[in-house]
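Feature annotation from TrEMBL assigns domain 'TFIID subunit TAF5 NTD2' to 130-258. What TrEMBL lists as compositional bias 'Acidic residues' is 305-316. The feature region 'Disordered' is assigned by TrEMBL to 305-357. Per TrEMBL, compositional bias 'Basic and acidic residues' is recorded for 328-339. Taken from TrEMBL, the feature repeat 'WD' covers 387-428, 460-495, 502-533, 544-585, 586-619, 628-660.
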Amino acid sequence: DRQTLVAVLQFLRRSNLRESEEILRREARLLGDDLGGNVAAVATSSPGVAAVASVPPGKGEARGDCGVCPSSRREHRELGSPYAAPSLGGCPVSSPSTKITHSGDVIGSAVVVEDQPDVSAVLSAYNQQGDPTLYEEYYSGLKHFIECSLDCHRAELSQLFYPLFVHMYLELVYNQHESEAKSFFERFHGDQECYYQDDLRVLSSLTKKEHMKGNETMLDFRTSKFVLRISRDSYQLLKRHLQEKQNNQIWNIVQEHLYIDIFDGMPRSKQQIDAMVGSLAGEAKREANKAKVFFGLLKEPEFDVPLDDEDEEGENEEGKPKKKKPKKDNVGSKSKKQDPNAPPQNRIPLPELKDSDKLDKVMNMKEAARRVRLGPECLPSICFYTFLNAYQGLTAVDITDDSSMIVGGFADSTVRVWSVTPKKLRSVKTAADLSLIDKESDDVLERIMDEKTASELKILYGHSGPVYGTSFSPDRNYLLSCSEDGTVRLWSLQTFTCLVGYKGHNYPVWDTQFSPYGYYFVSGGHDRVARLWATDHYQPLRIFAGHLADVTCTRFHPNSNYIATGSADRTIRLWDVLNGNCVRIFTGHKGPIHSLAFSPNGRFLATGATDGRVLLWDIGHGLMVGELKGHTDTIYALRFSRDGEILASGSMDNTVRLWDAVKAFEDLETDDFTTATGHINLPENSQDLLLGTYMTKSTPVVHLHFTRRNLLLAAGAYSSQ
């Protein structure tokens with residue numbers, strides 16, 4: 001498309017990117033100086049490769065997206081991401097970079113746009129006119145063909161119904177055939193899968209060309225190719241049918257707006273397809289889940305643990321003979337061997353351990369020695385913290401790793417921290433008082449605290465909107481909170497004051513979380529991107545762009561090298577902290593994702609959404625390996641027990657459910673065939689894995705936490721209705 005090319009060349013010229021401009025000219029054999037027109041999509045003239053630089057609405061981030069026509073089965077790779085920066089420091093600036101594959105094809109140029117993208121440009125693709133009165137005929141003809149095809153192909157080809165329906169409807173609306181569009185919608189919208197109901201509701205409100213201008217859902221659908229995974233046999237069948245019938249309108253849409261990921265082998269069954277579809281842009285391309293992921297854990301530092309003297313004396317009080325304690329090696333011995341799947345120790349810079357951290361690790365080891373081994377025969381006790389009279393509206397909860405403090409974020413923009421042990425919360429003394437303290441004394445850390453400030457509850461004021469996410473730092477010195485006001489705040493738990501406000505998101509921030517090693521943290525919000533920050537930088541270190549809707553929840557992998565994000569586009573993405581690349585895309589949920597949990601060994605991810613299902617993913621293979629059904633409402637909390645034997649899920653249906661994680665992950669079929677084609681076989685019945693359901697009286701569960709000894713803590717606000 002010449003006009004399009006010209007627009008991109010103009011942009012490159014304006015941005016003084018002469019080199020990229022030259023390369024693109026050479027590729028497209030456009031040597032003349034004729035520049036005119038303004039369009040925002042690129043199509044190179046090299047055979048078989050079509051690239052689209054898709055620019056989402058709203059922010060300034062650009063997302064490159066490339067699709068390869070199924071006809072040219074050419075291997076192609078994206079070289080790097082415009083967000084990648086060589087080192088973790090400062091914010092990688094996304095320059096308008098043109099990505100070039102080894103063969104020299106220009107794959108897509110990511111364009112940084114400050115304002116709303118030029119909507120008319122994005123929509124102009126709908127200009128190709130077909131006869132509006134024949135659309136219903138085209139669609140019903142295809143529908144008839146698919147419904148009459150063999151069972152094995154029908155399930156796969158039925159995936160076409162939804163994206164074709166949307167594009168044909170939008171094409172009619174765009175070309176101002178409003179009555180035809182209305183009758184097309186009414187006739188066929190009932191045939192779509194139930195999990196697209198919400199999207200269809202939005203679609204039904206777009207009845208005029210003007211409506212399409214500012215509509216985000218509409219733009220997403222236009223700019224991201226809908227991905228369908230179909231076996232070669234089914235694809236050939238479809239192609240033959242459309243070419244025989246000369247059904248060009250549909251074939252054009254398939255070529256232009258769909259990305260068909262063809263695999264060799266048996267077609268998938270209805271169950272297998274249903275498990276994987278449902279996201280805003282179809283399934284993930286298989287290529288998207290091929291990158292190597294270092295999911296192993298980092299080696300723990302080694303240091304000696306003094307044996308408990310008081311324990312031994314305690315046992316010896318009543319003159320009983322001393323019990324011989326098995327001698328422990330120096331701790332950390334359990335992970336002396338380097339995990340073969342672990343990232344290199346220095347892959348990303350992590351903060352040094354302070355003495356206080358070492359002490360805490362020692363405490364942790366001692367607690368771990370007394371940890372209860374959980375299993376189907378030995379379920380954890382559950383202690384529920386109910387927030388009563390929370391008329392301010394409880395919107396977020398977090399509990400420290402050692403279970404000593406609990407924090408609530410509220411809709412009245414306050415953050416409230418409670419001590420849940422007999423030890424009260426105290427602030428540091430004033431500067432004048434601190435100068436009088438003998439700094440050499442052993443108990444100096446005790447002396448700097450001001451007893452007069454001791455209380456069970458501290459209220460932190462600073463946000464100007466509801467607080468949607470809270471997270472304690474691993475060393476319990478800091479607390480993060482994120483809010484509707486677009487900021488993330490860092491609070492000191494020594495002085496109970498705000499230290500920094502991080503401004504980067506321009507819209508509500510839905511979630512934030514500290515890295516398991518401290519220092520780094522992640523935030524995700526309504527602007528559809530997640531950002532990685534370090535506590536001592538004002539600017540984000542990484543910007544993870546790719547989701548098509550709000551980033552609703554964020555989680556660090558236990559080794560801190562990866563971040564998982566869940567989104568309202570119904571996908572989960574795994575991002576590499578080192579280079580900002582997206583290394584996994586998981587599709588299968590039928591509603592926005594609201595909870596994520598990594599298993600303690602780093603191999604698996606559990607996700608929960610508004611569809612009431614918990615899905616289990618094998619990170620290394622990039623596959624769905626389980627589905628836990630039972631909840632009847634949104635799942636807001638997921639947590640694995642400390643050794644990973646049990647998965648606890650908490651939901652708006654006022655229940656906590658416990659699942660047998662060991663059984664869920666044993667003897668998984670992750671052979672090469674499954675990985676290559678996505679033929680996953682989920683057990684029919686997840687009830688075998690359900691170990692228990694615990695009802696609250698009328699309290700939705702918003703947070704779960706296993707203590708170091710495997711007691712399960714749950715939290716939520718009592719709702720009186």
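Each residue, glycine too, has its Cβ placed from N, Cα and C.
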What residues elsewhere in the chain lie close to the repeat 'WD' (544-585), defined as a C-beta under 8 angstroms and at least 6 residues from its ends?
56, 59, 61-63, 80-81, 83-85, 88, 92, 216, 220, 224, 278-281, 284-285, 288-289, 291, 293-298, 342-343, 347-348, 350, 510-517, 520, 522-526, 528-532, 591-598, 600-602, 605, 607, 609, 617, 619, 622
Tertiary contacts of the repeat 'WD' (460-495), as residues 6+ beyond its ends and Cβ separation under 8 Å:
354, 356-357, 360, 393, 395-402, 404-405, 407-417, 425, 427-428, 501-514, 516-518, 521, 523, 525, 533, 535
For the repeat 'WD' (586-619), distant same-chain residues with Cβ under 8 A (at least six beyond the ends):
195, 198, 275-279, 282-284, 293, 295-297, 341, 549-550, 552-559, 564-568, 570-574, 625-640, 642-644, 647, 649, 651, 653, 659, 661, 664-665, 668, 670
To what whole number does the mean pLDDT across the repeat 'WD' (544-585) round?
94
When DSSP states are grouped into helix, strand and coil, how many residues of the repeat 'WD' (387-428) land in each?
0 helix, 22 strand, 20 coil
